[in-house]
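Taken verbatim from Swiss-Prot:
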SIGNAL    1-23  signal peptide
CARBOHYD  N64  N-linked glycosylation site
CARBOHYD  N136  N-linked glycosylation site
CARBOHYD  N160  N-linked glycosylation site
CARBOHYD  N226  N-linked glycosylation site
DOMAIN    325-348  domain 'Laminin EGF-like 1'
DISULFID  C330-C339  disulfide bond
DISULFID  C342-C358  disulfide bond
DISULFID  C370-C388  disulfide bond
DOMAIN    384-408  domain 'Laminin EGF-like 2'
CARBOHYD  N385  N-linked glycosylation site
Amino acid sequence: MKKMKILSFFILSLAIIIGIVYSRQCDDKCKQDYPYSSCNGNLNLYRGLGYDGNGNVIFSGKYNSSQGSGGFGLPSIFSVPSSGGCQLSKRFDIQGEILDGPGYTALDYFYKYLPQLDRYYVRFNQRGSPIFSIYNQTSNEIKAVFNIFNTPFVPAFSQNESAPFFVYGGYGIYGLAKYPTDRSDAQQAKLIYQSQIVNGLEIDGDQLYMTTYQGQFLKGSLNCLNCTKDQLQLLVTDSELASATSVSGFALTSDYMYFSYSGGIKGYPKNGDASRVRKLVSENVVAMISNGDFLYYQTDSGVVKSVSTSGNHPQVNILYTPVSDNQCQCSVGFSGDDCRQCDNGMVLWASDNGIPMCSPLNSLGKPKTCYAAYQCGSSPFIICNGTCTCLPGFSGNDCTLCGNGGEVIWENGYPTCVIQIKKIIT
């Protein structure tokens with residue numbers, strides 16, 4: 001069986017310090033200075049939730065602009081108390097988005113937060129390819145882990161961080177006795193079950209629970225190695241699960257397994273007893289996680305809620321409803337009262353929405369982020385791939401060095417570094 005195909009991709013490790021996002025109370029001046037500044041509209045939540053082990057639900061999002069269409073500024077990680085109260089706290093901004101050009105990179109999904117490691121697993125859209133990544137909030141580094149393009153990728157993490165185990169579904173189910181941190185980890189993963197494609201996956205001790213596109217709830221073992229999928233135990237089949245366009249979440253409690261979809265949240269006992277099926281909520285759910293006897297979920301309108309799984313009458317509690325914080329923020333990298341200061345930086349303009357960004361210059365006078373090659377200077381040896389980069393084979397500050405004894409071949413005004421391989425005759 002083939003393991004999940006890991007394609008080569010640009011962002012192996014990217015640390016881009018774009019700058020501080022300045023904010024103040026929204027006023028008429030803020031609106032007049034658009035697009036250099038904007039009053040925040042409602043917070044647009046990205047799909048996915050996490051739990052910090054300290055009574056807070058975590059999610060990601062970006063404020064919409066009240067003047068233009070779409071998001072404005074940097075995306076951020078937020079949290080709200082799981083007990084309710086709608087007290088939103090911003091944990092940190094996420095640097096490194098490149099919203100135009102060949103290096104396009106944008107956050108679009110929140111997978112998991114590991115509190116002991118203080119590690120955030122997220123997904124970036126990088127030039128049309130979804131990248132399963134780690135974001136380091138201390139170094140502002142995006143660390144790409146797996147390229148999951150054209151793969152039915154479903155991750156699952158062991159709850160005990162002291163005994164880490166990671167399982168993922170692709171064209172088969174694979175396991176790692178660690179939490180992944182590098183793209184090479186996919187090559188080290190062991191095949192647990194052949195060919196099985198899932199849309200939900202969870203670890204419970206040394207057992208695996210999963211859902212399929214055919215509406216099946218299956219149970220397996222982490223101790224299996226290269227097992228065939230017919231060795232999985234069928235627990236129950238659900239017609240709504242089979243007909244769902246997509247399963248947005250799969251979660252376990254002490255005695256039940258639940259899935260979320262456009263029709264709500266539904267669950268069965270872990271033994272598959274269909275007579276004890278439960279329908280907790282009946283609204284469009286786009287993300288769901290569990291903690292103890294509570295499920296936390298996100299609706300298609302961005303509302304974050306909790307529902308108790310104990311008792312005969314589930315209690316739903318609203319944790320957060322997307323609203324504006326009435327703040328004015330400068331466009332990324334800009335500062336000053338009119339949000340037009342771009343100190344030691346280059347102004348880049350996004351072609352789709354006309355929003356400027358101030359990209360700091362590096363020690364060579366090149367922007368740390370670029371949208372097009374001309375922003376990197378007039379040298380034909382330098383291209384823009386999100387950052388100003390030497391052409392393949394070239395190196396040096398001006399990118400004119402051609403390997404060890406290489407020859408520069410020019411064609412139609414473009415250089416190519418050609419390394420001659422000499423045969424040694426014995």
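Glycine too: its Cβ is placed from the backbone N, Cα and C atoms.
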Spatial neighbours of the domain 'Laminin EGF-like 1' (325-348) far in sequence, C-beta under 8 Å, 6+ residues away: 18-27, 29-30, 33, 35-40, 43, 63, 72-74, 88, 100, 355-361, 367, 369-371, 375
Spatially closest candidate among N136, N160, C342, C358, N385, the listed recorded positions, to N64 (N-linked glycosylation site) (Cα to Cα): C358
Cα-Cα distance linking N136 (N-linked glycosylation site) and C370 (disulfide bond), given in Å to the nearest integer: 22
Non-local residues, at least 6 beyond the ends, that sit with Cβ under 8 Å of the domain 'Laminin EGF-like 2' (384-408): 10-11, 14, 16, 98, 101-105, 364, 366-373, 375-377, 415-420
Composition by DSSP (helix, strand, coil) of residues within the domain 'Laminin EGF-like 2' (384-408): 0 helix, 10 strand, 15 coil
Secondary structure tally of the domain 'Laminin EGF-like 1' (325-348) (DSSP, helix then strand then coil): 0 helix, 10 strand, 14 coil
Pairwise Cα distance for C388 (disulfide bond)/N160 (N-linked glycosylation site) [Å, integer]: 42
Candidate nearest N160 (N-linked glycosylation site) in space, where candidates are the recorded positions C339, C342, C358, N385 and distance is Cα-Cα: N385
Integer average pLDDT (0 to 100) for the domain 'Laminin EGF-like 2' (384-408): 92
Nearest of the recorded positions (N136, C330, N385) to C358 (disulfide bond), judged by Cα-Cα distance: C330
Whole-number Å value for how far C330 (disulfide bond) lies from N226 (N-linked glycosylation site) (Cα to Cα): 54
DSSP state at N136 (N-linked glycosylation site), helix/strand/coil: strand
